[in-house]
Amino acid sequence: MEINEDDVEGGKHIKGEGIREPLIGELNNKLVHHPWMVYFTTFIAVCGSYEFGACAGYSSPTQEAIRKDLNLSLAEAMRVSSAFCIAGWLVIYFSQGPVPLDIGRLATGYGMGVFSFVVPVFVAEIAPKELRGALTTLNQFMIVTAVSVSFIIGTVLSWRALAIIGLIPTAVLLLGLFFIPESPRWLAKRGRAKDFVAALQILRGKDADISQEAKEIQDYITSLERLAKPKMLDLFQRRYLRSLTIGVGLMFCQQLGGINGVCFYTSSIFDLAGFPSTTGSIIYAILQIVITGVGAALIDKAGRKPLLLVSGSGLVAGCIFTAVAFYLKVHDVAVGAVPALALTGILVYIGSFSIGMGAIPWVVMSEIFPVNIKGQAGSIATLVNWFGAWLCSYTFNFLMSWSSYGTFVLYAAINALAILFILVVVPETKGKSLEELQAAINA
């Protein structure tokens, strides 16, 4: 895991020559199970993911009630609903007009953006390599579950009550942070050797042999300390360019394939195709949760790359089914088959997205960036993701006005290019430690 002296590009050896000795000695016991602390720590972290989804799903069922209760115009209601959210529920609950409501949604949007990057990275850093994929995928599972739950209960609760319910995952997260350890890799990078060993031992169990894992982490971080502290432009050097290309490329593939257009306008798509929108939306929400759970169970067995390829192929098929449905409707051919074709296309699309392209780009992003550039590179990847989400949702209505079937032909072509990108560029990361992956990718 050591980086050779020849690989050091103008950096300084910060903490002495050579690689430090392992921080702890060899232990006799072997790791035979995964202690409850790993699962508990993951659960606390993904409460942030649930909060993400609860905020994202807040506007859909409450928009009309907010508009009427606060006497907002449609323009004001759309402006309020356009802001994504995570915290600030109390401001929303006590608001008496559009200004405090906007402030609350703005505050929640900031927290949502932070959670979208921090949660998968934290889970990847605390999880053992054989569970890392499944535990990191819980990030996406909690998001889609929260969106669906918010949509369903938002049809029977007032918008103020739904805002109070949004406080629950935040409270669990804040309370739970007092009982879980910090990321061992973060502690090692900060030079807190004793805390690093203690945190890793807690996560692996008091009787687990952590000597080899601790040595790999410490050796790799010590090697990285020989390099000059990277600046933003340094991310585009040859050493880091491949990992940045993979992380940013997967975010483009995830968003530009049409997911936010389909997600935000599901009801409109079903109405346009002549299928009952309420029924279709409920089926959509349930399928998304189930398939995301299946993907979490398979990711550490099947691998990231195979699931991404299956997901991309299904996205192409779903787009083609939907494009055919709208083509038949526009040309008044076999109109009776249009609702069934549209339903099939949308469900194939969301099922395919949920099993791979929804969660795995975040999993891979959390794995491939070295710890010394993780904050900067991860921020770029997250920014690209949110930009792609905005671009897709902003252009969807314009594209549908241009050509309903042409829109889905375009998405099919983009998803086909995503398959090619995955085949050529994206490595398999299953079953390897973060240090092994990062050393190989950024060699």
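In case you wondered, yes, glycine gets a Cβ from its N, Cα and C as well.
Unlike curated records, TrEMBL annotations are generated automatically.
Model, not experiment: these values are computed from the prediction.
The feature domain 'Major facilitator superfamily (MFS) profile' is assigned by TrEMBL to 1-430. Look at TrEMBL and you will find 36-56, 77-95, 107-127, 134-153, 159-180, 240-262, 282-299, 306-328, 340-365, 377-396, 408-426 tagged as transmembrane segment.
Counted over residue pairs 6 or more apart, the CB atoms of the transmembrane segment (134-153) and the transmembrane segment (408-426) come under 8 Å in fewer than three pairs, which marks the two as apart.
A Cβ distance under 8 Å defines the sequence-distant neighbours of the transmembrane segment (240-262), meaning residues of its chain 6+ beyond its ends; these are 230, 234, 269, 312, 315, 319, 346, 349-350, 353, 357-358, 360-361, 364-365, 368-370, 373, 377-378, 380-382, 384-385, 388-389, 391-393, 395-396, 399, 407-408, 411, 414-415, 417-418, 421-422, 425-427, 438, 441-442. Stretch with the most C-beta contacts under 8 angstroms to the transmembrane segment (306-328), considering only 282-299, 340-365, 377-396, 408-426: 340-365. With a threshold of 8 Å between CB atoms, the same-chain residues lying at least 6 positions outside the transmembrane segment (282-299) that come near it are 133-134, 137-138, 140-141, 144-145, 147-148, 151-152, 266, 307, 343, 346-347, 350-351, 354-356, 358-360, 363, 430. Proximity of distant same-chain residues to the transmembrane segment (408-426), defined by a Cβ-Cβ separation under 8 Å and at least 6 residues beyond the stretch ends, is recorded for 245-246, 249-250, 253, 256-258, 261, 304-305, 308-309, 312-313, 315-316, 319-320, 322-323, 326, 345, 357, 364, 399. Within its own chain, the transmembrane segment (377-396) has Cβ neighbours under 8 Å at 113, 116-117, 121, 235, 240, 243-244, 247-248, 251-252, 254-256, 258-261, 264-265, 361, 365-366, 369, 407, counting only residues six or more beyond its boundaries.
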